[in-house]
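**Student:** This is the structure I want to talk about, given as structure tokens.
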Amino acid sequence: MSAPSPAPSAPAESAAAENDFLATDSGLRPPGPTPSQSRFQVDIVAEAAGATDDKSPSSDASTTVPSSDTATPAAPPGADPGAGGEEAKGRFRVVNFADPSGAGSAASPEASPAEGLQNGDTVMSETSLHSSTGGQHHYHYDTHTNTYYLRTFGHNTIDAVPNIDFYRQTAAPLGEKLVRPTLSELHDELDKEPFEDGFANGDELTPAEEAAAKESAESKGVVKFGWIKGVLVRCMLNIWGVMLFIRMSWIVGQAGIALSCLIVAMATVVTTITGLSTSAIATNGFVRGGGAYYLISRSLGPEFGGSIGLIFAFANAVAVAMYVVGFAETVVELLAGVDAIMTDEINDIRIIGTITVILLLGISVAGMEWEAKAQIFLLIVLITAIINYFIGTFIAVKSKEPMGFFGYDGSIMWENMGPDFRGTTFFSVFSIFFPAATGILAGANISGDLADPQLAIPRGTLLAILVTGIVYLGVAVSTGSCIVRDASGNMNDTVSAQFTNCTDAACRFGYDFSSCKSQDSCKFGLHHDFQVMSVVSGFGPIITAGIFSATLSSALASLVSAPKVFQALCKDNIYPGLSIFAKGYGKNNEPLRGYILTFVIALAFILIAQLNVIAPIISNFFLASYALINFSVFHASLANSPGWRPSFKYYNMWVSLAGAILCCGVMFVINWWAALLTNAIVLGLFIYVSYKKPDVNWGSSTQALTYHEALTHTLHLSGVEDHIKNFRPQCLVMTGYPNSRPAILDLVHSFTKNVGLMICGHIRTGYRRPNFKELATDQARYQRWLLKNETKAFYTPVFAEDIRQGTQYLLQAAGLGRLKPNTLVLGFKNDWRDGDMMNVETYISMIHDAFDFQFGAVILRLKEGLDVSHIQGQDELLSSQEKSSGMKDVIVSIDTSKDSDADSSKPSSKATSLQNSPAIQKDDDDDGKATTQPLLKKDKKSPTVPLNVSDQRLLEASQQFQKKQGKGTVDVWWLFDDGGLTLLIPYLLTNKKRWKDCKIRVFIGGKINRIDHDRRAMATLLSKFRIDFSDITVLGDVNTKPKKEHVSAFEEMIEPYRLKEDDMEQEVAERLKNSEPWRITDNELELYRAKTNRQIRLNELLQEHSSTANLIVMSLPLARKGTVSSALYMAWLEALSKDLPPILLVRGNHQSVLTFYS
């Protein structure tokens, strides 16, 4: 850092000093701001940091600006100005991907307009750009610099004006990813410290994108191609394959001119539609390297992209072998013509092919620039060969007539107009031609090496399709118009005088080839001579050079495409084992390892030297890619995502769908078994990637369509009235943090999974002001935890003044349309006698509120308790699967000071201090994004505390519903008819795998003299409901008086909560009741004596009949609101459910949830 220029050390400096300061600098630079200096947001807290740190032009150009997310205190008046500048600079938030060379300038809101670098309505700064001038200093006017908005609106503000750098994911070589001021920085009060780094949703950089950012920052002098050299040349060379010279004339002989033109047109239609789709995707945002893989994966997601990327890269690698063998075969034919065969034909093909592919590898590894120069040279040769052929068609030579070439003639054209299939069909001829039309993605495959992919890919690809299509049609028409189908090559096959029935077009020119035609011994003509274009051309060897050019250029394009696509695939880490191939070398990031792999694959297939079986598979692999590119456009348009807005407008979703269907159809036309094999491979890879679930989020159209369908179906569902047959328990479960009460989470999930909605409600209370940002972070973090834990539920936290208010919020607002909860699930308040009785009042009020909102209520009681959040360091408690290797644990903060069995907002007697809880120890490298599964884990810094006996039991009890239940019973005590919810929940539970071995036993109340009748009536009802049960027990002794010791234990339990109004004056009693509404009056105790005895008696019966059950489901007793005090109601629930196996107290909303009508 250069020494700072003299700056005023206090705000009270004179104006003259400031003017002098400006005057000394005025000769150095013109007024006006520069674009690329350290971008920053001014911190309004640093009011006194008025010191500026100017950088002299002679200073080191590579100095970077330190960036920091932590706020530093403002420099006090009179402090060292240099230090003040440094401290203030620490407040600026910069993400530097490039190498910014200027130092930042700190400006505070209190600074005067003329201070430091400010001049009127503009701000001056300087920078050094990486340019041809060798990093000299440049000065610019730019109204969109980061500093400009300080004066744009006539006053200092940190509110930023629109800037492209805010929207970058990775930097261009001269750009920076900037972070705009957050809403908190602009909106929060001044005593906040809102400087936290973070990305907007979906802007997190994947490891691949971070690597790309690093590469783009490091790469200087990178070779980038325009649309002609990068796309047009490559596509034309790849499309004009060996077919043009060797097979096109044969196709015309078989199919005739009309059908040949139709074949070319059909192939061109498929490629044109695909070209339009490719253009649409390529212009819908910035395109990186990876070609077809990148386009498909970013549109349809990693599942489709990963499966296609692998086979597309493989197809390109094998295509190298196919083209090289095509070249080697031509060379061997030439050698055979001069009797220069080395060993035998097959081995010669292997030798020449191996030498050729090594040379091609050398050109590729030398770099993209050399490869591009080779492609230009090959294109010139190829175009020369095509022109040479067309010139030859106009030069009729007498010596060529015996070979079937007579020049343009109407009779020949008419004769060749119709088809003459010999051992072939229209579709078999089409399947032979179609591979010649592939290659349209050759330009897109090197998208990372294009200067402007969005412009180059549409323009180059579509123009290449147009030009090559016209040339194919021209060759088809010209060959059919001047060459006959059969010719012997014999000068003596002239028309003899005695035979006058010669009708062929050749007869007009005095030739009769009927004899060789009848004997099938013709060696020339469209049907028989694959090299007929050499015969026609003005100079035969140029056609041979054209064949060499076509094969070698296609081989070279494929040899470059395969590693580039494969490198992009490996960078995204979709197949973890292949990441070794992601590394690039040199300034162009060349995938040398990919080149070697492609070379090995190509060499293996070259050594086979028999590619008749492989060729159709390659064509099918390419077609599968085309089909998915077309489908991507249809899918993205169907999803109607606001992010789908290609700048290329000439596409249509239905045309793209037709293109996808056409591609699939052509796959089966070419080779049905190869099409089936291709589809099987794509499906296999798709299933594999879906199973692995790579941790990427590319905003794919699959995601957009899922949202679109969910929204549509939710709205559609809202228009239909609920029907009793479709009733589902949709539960609002008051879990607090989802991992703090595993038992209630697991049990409710058991009967709602794939059946109904489950919402984990969490009420956050506190006296301090609510931190809504933290609430949103927790919401995302715990939702991810639920997904990782394979729990199909939603986590919904709310801030409220107390639990009751929060519960009312959730009862009213949770859910969407018909996807709203209808049942409130609570944990039993085990510690109700230990704390403040107003908490019991709140707890009971929540149950009353649920009934007021027409909800059902369910309470789960485990004698050991539910809340495990105070237990230290239990990994296995919180995750149902192993921690993923290589992922960092995100330790989620669990505010144990607010947890209790009722919910998460009351201080728990068991809770340890926050400092001792490992649940809030965050990893040092945790960036707060919560990218992985939150886990509680053992504290690394303190020794593990051994669990006491009660905690050990609590831990085991909390996990009991995660295990298979084995052969046991679910006892249903259906004492009161609540609409059937008490029966429906056990039925749904026993349908699940974990509970399927458990039998349902039903217990009902009845009279002793009618036990058999009641049992039969219940059996009839259950059979009509189609619910299996193992036993029905009628309890005739429910109303028998309970044992005296149990009654006295109950009296002892409620003693502290009685009002005892008879022992005091009425006024005092009323005042005490108003201040402590939970107190039990003598009057109500007497009034509900029978009901109290029934609860005590029911507990005795439960102990007698159901002490070994896996789960008891029992009717929840009701208390009339405003009549029964909360302490008495709580005492009833305590007496009813104490010392039992897990018990679920259930009360529906008294609307039928079961029906026996169809």
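A Cβ is built for glycine as well, from the same backbone N, Cα and C atoms used for every other residue.
Keep in mind that this is a model prediction, so the values were computed, not measured.
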**Student:** Of 349-368, 1129-1148, which range does TrEMBL call transmembrane segment?
**Tutor:** 349-368
**Student:** Report the listed stretch (307-328, 349-368, 374-397, 592-611, 650-668) having the maximum count of Cβ pairs within less than 8 Å of the transmembrane segment (225-246).
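**Tutor:** That would be 374-397.
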**Student:** What else in the chain is close to the transmembrane segment (617-638), if you only count residues 6 or more beyond its ends and a Cβ gap under 8 Å?
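**Tutor:** Those are 270-271, 273-274, 277-278, 280-281, 284, 292, 295-296, 299-300, 304, 308, 311-312, 314-315, 318-319, 322, 431, 434-435, 438, 440-441, 644, 651, 653-654, 656-657, 659-660, 663-664, 666-667, 670-671, 674-675, 677-679, 682, 701-702, 704-705, 708, in sequence order.
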**Student:** Can you work out which residues elsewhere in the same chain, 6+ from the ends of the transmembrane segment (307-328), have a Cβ less than 8 Å from its Cβ atoms?
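**Tutor:** 241-242, 290-293, 296-297, 348-350, 352-353, 356-357, 360, 445, 547-548, 551-552, 554-555, 558-559, 561-563, 565-566, 568-569, 574-575, 597-598, 601-606, 608-609, 611, 614-615, 617-618, 621-622, 624-625, 628, 678, 681-686, 688-689.
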**Student:** What stretch in 349-368, 423-442, 462-484, 592-611, 650-668 has the biggest tally of Cβ pairs under 8 Å against the transmembrane segment (374-397)?
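**Tutor:** That would be 462-484.
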**Student:** When each of 258-287, 423-442, 592-611 is checked against the transmembrane segment (349-368) for Cβ pairs under 8 Å, which one has the most?
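**Tutor:** Most Cβ pairs under 8 Å with the transmembrane segment (349-368) come from 592-611.
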**Student:** In the same chain, which residue numbers or ranges, 6 or more beyond the ends of the transmembrane segment (423-442), come under 8 angstroms Cβ to Cβ?
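**Tutor:** That would be 231, 234-235, 237-241, 243-244, 247-248, 251, 254-255, 259, 263-264, 266-268, 270-271, 274-275, 278, 291-292, 461, 464-465, 468, 472, 554, 557-558, 561, 615-616, 618-619, 622-623, 625-626, 666, 669-671.
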